[in-house]
Amino acid sequence: MDNITKKLMQRSESTRKDTIGRAISMTALILIAIVVVSIFVFVLSRGLSTFYKDGVNVKYFLFGTTWNPSVTDPATKKPYIGALPMILGSFLVTFLSAIVATPFAIGTALFMTEIAQKRGAKIMQPIVELLVGIPSVVYGFIGLTVVVPVIRTIAGGSGFGILSGTIVLFVMILPTITSMTVDTLKSVPRHYRESALAIGATRWQMIYKVVLRAATPGILTAIVFGMARAFGEALAVQMVIGNAALMPHSLTTPASTLTSVLTMGIGNTVMGSLQNDVLWTLAMILLIMSLVFNLIVRAIGRRGAMK
Amino acid sequence: MKAKTADKIATGFIYAISGIVALILFAMLSFILVRGVPHLSWHFLTSPARAFEAGGGVGVQLFNSFYLLILAMVISFPIALGAAIYLNEYAKKNYFTAIVRTAIEILSSLPSVVVGLFGFLLFVVQFKLGFSILSGAIALTLFNLPLLTRSIETSLAQIPDLQREAGSALGLSRWETVLHVILPAAVPSIVTGVVLSAGRVFGEAAALIYTAGQSAPALNFGDWNPFNISSPLNPMRPAETLAVHIWKINSEGIMPDVNAVSAGASAVLIIVVLLFNFSARKLGMKLYKKLTSS
């Protein structure tokens, strides 16, 4: 009798294993959370030291138009660390590539879900997946050997610049936006389409007046994701943009983005120097922007869910 | 009929757009393959790179890429698997879960160059690992973790709850159910996810230029002791991968055949990534057929 009571009171072998398993899997999860927190702590602490340690004015940094950290401005006795050219360059390539990519992405997604469901998905699905899979350096290499020379012959100049960056990024973010748009279009209930067709709408009227309207929040989310990818893309852009930290005056003159200056600069500066700190501040801006894109996606999701 | 004309025009437009997208992909693939494949040879794939003269290969870089990929997968798979199991099997709908999910989402949307810089700051500088395979593998792990976790979680979520209920009905604990029922059933789609993520890791460069470094010292392929400095297995040596090599020689390469080398290297990279993409699905389907009675 005693033995049975003991057995009943004791935690079983299964329960013990379950506790251990739960603990192991939770540890893995917490590890990921710690990584995310430490990325923020480290990059923010280095990025903010430009303002704390080196006493740089935030406004001067964000809106200054001359970038040359190793040279001191004789008038103000401060180094040239205006980051506006790169910030502007990043935003320009991001918005332009999103503007170009969106119609292509929506068109392709409509083709796959509305026009030719079976054939379209069979042909375009692998194409979109292959486009996602191509590494960014290969995009950069193609940009360098095809896009840049073409633009050089058409527009003159060196061929490097915002336009080349936009074209390369357009192809890179196209599959991202397309596949997410396909998912939202698929989630539009079938009876929406049937009702529209039943009251005599043509297929295009059905797509334009019903399906696209219902899918708008999802499509916006897809575009923001594409923009986040474009904003953070480093090497492909760096290879074709020309890497001149100048205010972009035209689409075909060399410019630079936050990521291109970072990839070029970090290895050539000494840890802890002002020249190095300002680069970390650029990395911090990248980090904050990726957070902002996340928040926008969330806001769209909430707005879309409420209706 | 105006509406009908509009419908026809719009349909034509959508066809044209899809055609252009398909054309872009085929043009890019054929460009890379036509330019690159003629340069491929056994010599190109096995000999070390040369900095100043023509005739160099990508042997060391190719080896480094695979070695880094394997190390990164070995580190990231158990973590991702654990996290996915917790998220899908144990996590309740509470504050903690929501925060961690958000954290994973943020990590997956971070630019890979920021992940690389974090790796540089923490592992290369702080922990004094230097530009090394180990630092690179950890950076790749950080880059890979959120995507792999999500893909494994999706695989687990696809297993119907009926299986879990059956496990419970047999008196198995939740952990035992996961280990003996859910995981075996999810293996095919987990494998597909792992191989797909391997393709992505293989082509990643931005996270590596400041962690695994941009130099590829000559290796002695006769020496497999991981503690020797010239051994291919030494995890503390700097290791330029294939993707980094393409970037590097295009930005500052001075060898006379830089175009040929980068075309060849791009072709190798694309072929490997395509192989990963194709085999992912094939492997998953094969495993599915083998593991289930269907």
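Using N, Cα and C of the backbone, Cβ positions are placed for all residues, glycine too.
The model shown is predicted, which means the values in this text are computed figures rather than measured ones.
Here is what TrEMBL records for this protein:
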TRANSMEM  B:12-34  transmembrane segment
DOMAIN    B:62-280  domain 'ABC transmembrane type-1'
TRANSMEM  B:66-87  transmembrane segment
TRANSMEM  B:99-123  transmembrane segment
TRANSMEM  B:129-148  transmembrane segment
TRANSMEM  B:178-198  transmembrane segment
TRANSMEM  B:260-280  transmembrane segment
Chain residues in Cβ proximity to the transmembrane segment (B:260-280) (below 8 Å; excluding those fewer than six residues from its ends, i.e. six or more beyond): 29, 32-33, 35-37, 39-40, 44-45, 49, 54, 56, 58, 61-62, 191-193, 195-196, 198-199, 202-203, 242-243, 245-246, 249-250, 253
Dominant neighbour of the transmembrane segment (B:129-148) in B:12-34, B:66-87, B:99-123, B:178-198, by Cβ pairs under 8 Å: B:66-87
Remote residues contacting the transmembrane segment (B:12-34) - C-beta distance under 8 A, at least 6 residues beyond either end: 263, 266-267, 270-271
Distal contacts, the transmembrane segment (B:99-123) - CB-CB under 8 A, six or more residues away: 83, 87, 91, 129, 134-136, 138-139, 142-143, 145-147, 149-150, 204, 206-211
